[in-house]
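Engineer: A single structure is presented below for examination.
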Amino acid sequence: MAAYKVKVATGTDLLSGTMDSISLTIVGTRGQSHKQLLNHFGRDFATGAVSRCTCAVCVRVCVRCVCACVGRQGWAQTLSLLCGLPAGKTAAEDTLPILLEHRQEEIRAKQDFYQWNGYIPGFPILINIKATKFLNSNLRFSFIKTASFFFRLGPMALGFKLRGLVDCKQSWKRLKDIKKIFPANKSIISEYVAEHWAEDSFFGYQYLNGINPGLLRRCTRIPDKFPVTDDMVAPFLGEGTCLQAELEKGNIFLADYRILEGIPTIELNGRKQHHCAPLCLLHFGPEGNMMPIAIQLSQTPGPDCPIFLPSDSEWDWLLAKTWVRYAEFYCHEAISHLLETHLIAEAFCLAMMRQLPMCHPLYKLLVPHTRYTIQINSIGRALLLNEGGLSARGMSLGLEGFAEVMVRALSETTYDSLYLPNDFVERGVQDLPGYYYRDDSLAVWDALERYVTEIITYYYPCDAAVEGDPELQSWVQEIFKECLLGRESSGFPRRLRTVPELIRYVTVVIYTCSAKHAAVNTGQLEYTAWMPNFPSSMRNPPMQAKGLTTLETFMDTLPDVKTTCVTLLVLWTLSREPDDKVPRGSGCRRGWAYSKYRSMESLRRRLAQISHNIRQRNKCLPIPYYYLDPVLIENSISI
């Protein structure tokens, strides 16, 4: 007889623990111990409790690790909590029938608990909202985060109410009054935006290093729907050149908002709102500035759709640019932010929970990047995509229109577009100077890809190991089916066949759930607090003739005071830094063998060097770009 001493520790999160019966069985290659009940009189598994027991086994076994986790109370199911080897194990490595049975039981139980639910037709299928009440501690907000989230929101909302902002349905009387919304929330960038928002150079800069830096494309031919001529734009291209020459040099760029075309608007505060799907042509000049040179406020040219130019009257040109910034609001909030990070990450997470057992190496690799994502998405749906929420009270398109933008975008989402290095090449911006978002994102991507490569090649030494892992293939298949809705044109794989394919896939998942979100989320308040730079609604139709815009009509077109405050209140709440933030590279070490610690340490060193490089570069920039500084990147989408 051999006796093994086992220590069982209960988690320290609020409400961790259970009143259920917990038993222990030690399994070896030549047999297993009897099932031994660990309970004693009273509540053994209270929050933070540590209990010890001795288990007698007839055959000597080598126990590399025993690790029991007692989670939140409230699970109705009885789950077999696997105490997997530190390095994680694929199903092919678990040859004992009882261990394979445990894997299958765990997956069946999680699939019964975490269920898909069709939220809106054409949307990624998301988690059944009822299940969020019983999320485990990795997915559900901690008490500190929950309290701080709503503590911040409540006083700020009350302050708006007491100042009469959320009840005022009138136009802003003066532009400078908008600064009074957040008098105490200032940064270098927010102040720069408020001072320079009307300048053409800053308008163009935002396409490269603002909060929606993935839309601009190099233009090699002027589209028929945008009949810009050389005579129109020649004065803005510099001496000794013409539009065709600049096209051939690769200096002309296009921002096309066709995805917004034809979506109906709603009424806000008793007034009909308006909408457009503009086109904007930009020129990258020898001074290194991206400058707008032509704007059309419709996808259909005609006599009632003039092409606005920098030489037009001050207010005509400014209002045309503001309409483009309005379109940016929807492409950013609906597509780049909510769909391409939050909702797609939730699908990645839910498929992982349903198809990978906790002892699977991919589960161990990915679980730090799912922390709080389902919880914040559930809150976001209540704030954004709900009757009476932000989309219904603060946006021209309302709930149905906002959702329609995402449905259209998902129908065009491709696997290649999520593969970052390919995206820059496909848009023709891989060599554009001053594109700090591109430089920083590729540096972070490279660090992540190296880390993922080290982990994946350890567990999958050959292509056959990838193709022969049924749990991995079920995870990939479920993402294709539920997130991409089985759309073949998306290019998302139904299964993975080689090690490089798996490395690319996992890197896409981790980058989407961390750095990609940081790039589009962290700067939200800095770029939106000055509302004219990022309006969510427009109260007058797009201009159909030149020379009619004045300061008064400009102010009357912008969102009213109430709409402005409702929108900014939510954006302020959702862009605040988490109180229990886990930075990029601070992944959980539990469950990894020592050799994998070294991979994590290598990742941290690379990220530290990237952070140093970014901070050194920013010292020389008038507008620092720090949204992809690894120190500021959250490990998961938690806000």
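The backbone N, Cα and C atoms fix where each Cβ goes, glycine too.
Feature table excerpt (TrEMBL):
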BINDING   Gly17  Ca(2+) binding site
SITE      Trp75  site 'Essential for stabilizing binding to COTL1'
DOMAIN    89-639  domain 'Lipoxygenase'
BINDING   His337, His342, His517, Ile639  Fe cation binding site
Engineer: Which chain-mates of His337 (Fe cation binding site) that are at least 6 residues away have a CB under 8 A from its CB, listed by sequence?
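Structural biologist: Listed in sequence order: His517, Val520, Asn521, Gln524.
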Engineer: Please list, in sequence order, every residue of the chain apart from His337, His342, His517, Ile639 whose Cβ lies within 8 Å of the Cβ centroid of the Fe cation site.
Structural biologist: Leu338, Thr341, Ala345, Ile376, Val520, Asn521, Leu574, Ile637
Engineer: For the domain 'Lipoxygenase' (89-639), would you mind checking the mean pLDDT of the predicted model?
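Structural biologist: On average, pLDDT over the domain 'Lipoxygenase' (89-639) sits at 91.
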Engineer: Taking only the Cα atoms, work out how far His342 (Fe cation binding site) lies from Gly17 (Ca(2+) binding site), in Å, as a whole number.
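Structural biologist: Per the Cα atoms, His342 (Fe cation binding site) and Gly17 (Ca(2+) binding site) stand 30 Å apart.
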Engineer: What is the interatomic distance between the Cα atoms of Gly17 (Ca(2+) binding site) and Ile639 (Fe cation binding site), given in whole Å?
Structural biologist: 27
Engineer: If you draw a 10 Å sphere on the Cβ of the residue listed as 'Ca(2+) binding site', how many other Cβ atoms land inside?
Structural biologist: 20
